[in-house]
Amino acid sequence: MAQHTVYFPDAFLTQMREAMPSTLSFDDFLAACQRPLRRSIRVNTLKISVADFLQLTAPYGWTLTPIPWCEEGFWIERDDEDALPLGSTAEHLSGLFYIQEASSMLPVAALFADGNAPQRVMDVAAAPGSKTTQIAARMNNEGAILANEFSASRVKVLHANISRCGISNVALTHFDGRVFGAAVPEMFDAILLDAPCSGEGVVRKDPDALKNWSPESNQEIAATQRELIDSAFHALRPGGTLVYSTCTLNREENEAVCLWLKETYPDAVEFLPLGDLFPGANKALTEEGFLHVFPQIYDCEGFFVARLRKTQAIPVLPAPKYKVGNFPFSPVKDREAGQIRQAAAGVGLNWDGNLRLWQRDKELWLFPVGIEALIGKVRFSRLGIKLAETHNKGYRWQHEAVIALASPDNVNAFELTPQEAEEWYRGRDVYPQAAPVADDVLVTFQHQPIGLAKRIGSRLKNSYPRELVRDGKLFTGNA
């Protein structure tokens, strides 16, 4: 791989020399930072098994190298990246994989280590969604996830990725993460705080990442991180697991934040060592049991991960002063819910007891049961999945429900050719050589649901959402 020139402030280099263990070479650190980052992907096991994904992509000539800490993660090398971006492949468009940096798969691996099986999880700083979607896959779409994002512009991206990956057990919120300790005390079995940070570990992806770096800004960021971890710790139930992570390398934003929490609540914080998380984890292990990943250790981004347990309750915070407002949804009565479920099954949409039907005017929604305890405590940006809109002739089923709930083996499923699937993703109607019999058609490609269509004569009317329509070269190579 070609070198690229990274900007390093002198004070940063001094700080890294002091922070780096004697077992590591500073020259190796500098050399690793100058190398471009290896691409990596994570197979979305909600949609496809790793074995089936490897079989499906075998003809493409991709070189996939397993990532030690994530069974479904792979470093990827491919010859046609310039000709066809990874995000324009059919497998990405249908949610079979997520483009995710290898080291950012570590926090979720830590969250579920040692057989941990939380039922209600919070991702405090969730956008663009790599870790939320990874958590959902580990939970197999069961239980409930509260995915929060402070940046309003990033909430939309977060929802798009959750929808593409077929996730149904997520509620989205848009808050400063510092509110949750007071708003939802002791409500979560597990919390991931991938904290905003100075980004010192991302120079391989962004050579100018340190242009605005200063020791003073590190201290300001660390102060915010302490407030965030304190809030998250209050929201965690006794016995629950908190994973704290950053993509930065200084101790101030990493070890010091976790040690501050332990000093603040000495009887309630237990550090859970990560030395056995995966073979070779001990190479990045700190004396506290955290993973401090310098980029040369595993040839990835710089990263930090700590795992801790809340061993006992701590004093609650004063209740927040903001008003949540009225919740505009009401549960659907059992008899009507049965009729809706039957109609949905007719087009291949099915769900289990983890989801419950709610209604707002003519809209039908499915909410994860595990999130209901939070209703009235926080205001949701989006909750669960929109199933349908009712109208005089029945139901207008929604695209995100199809992606999350449809079975490709449904009697109304119709498999497209590669050329037809590409037309579908471009938002165009499809004219198959042999038209399906049913009027409501579950459109599939590679045996994956990609939408619903109305058959009008020999034409399949496209219902792919306008905001998802793709231009440019797609997977058949045609522009």
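Cβ atoms are placed via backbone N, Cα and C, with glycine included.
According to Swiss-Prot:
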- A125, A126, A127, P128, G129, S130, K131, E149, D176, D194: S-adenosyl-L-methionine binding site (BINDING)
- C247: active site, nucleophile (ACT_SITE)
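Known features from Swiss-Prot, placed on the structure.
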residue	record	DSSP class
A125	S-adenosyl-L-methionine binding site	coil
K131	S-adenosyl-L-methionine binding site	helix
D176	S-adenosyl-L-methionine binding site	coil
C247	active site, nucleophile	coil
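Residues A125, A126, A127, P128, G129, S130, K131, E149, D176, D194 are recorded as binding S-adenosyl-L-methionine; their most distant pair of Cα atoms lies 20 Å apart. The Cβ of D176 (S-adenosyl-L-methionine binding site) has F150 as same-chain neighbours under 8 Å, each 6 or more residues away in sequence. Neighbour counts of Cβ atoms within 10 Å were compared across the recorded positions A125, A127, C247; the minimum falls on A125. In sequence order, Y98, A147, V157, L158, A160, N161, I162, C165 are the residues near G129 (S-adenosyl-L-methionine binding site), counting only same-chain partners six or more apart with C-beta under 8 A. When the Cα atoms are compared, A125 (S-adenosyl-L-methionine binding site) and C247 (active site, nucleophile) turn out to be 13 Å apart. Around K131 (S-adenosyl-L-methionine binding site), the C-beta neighbours below 8 angstroms that are at least 6 residues distant in the chain are S104, P107, V108, D123, L192, D194.
Note: the CA-CA distance between the residue listed as 'active site, nucleophile' and A127 (S-adenosyl-L-methionine binding site) rounds to 14 Å.
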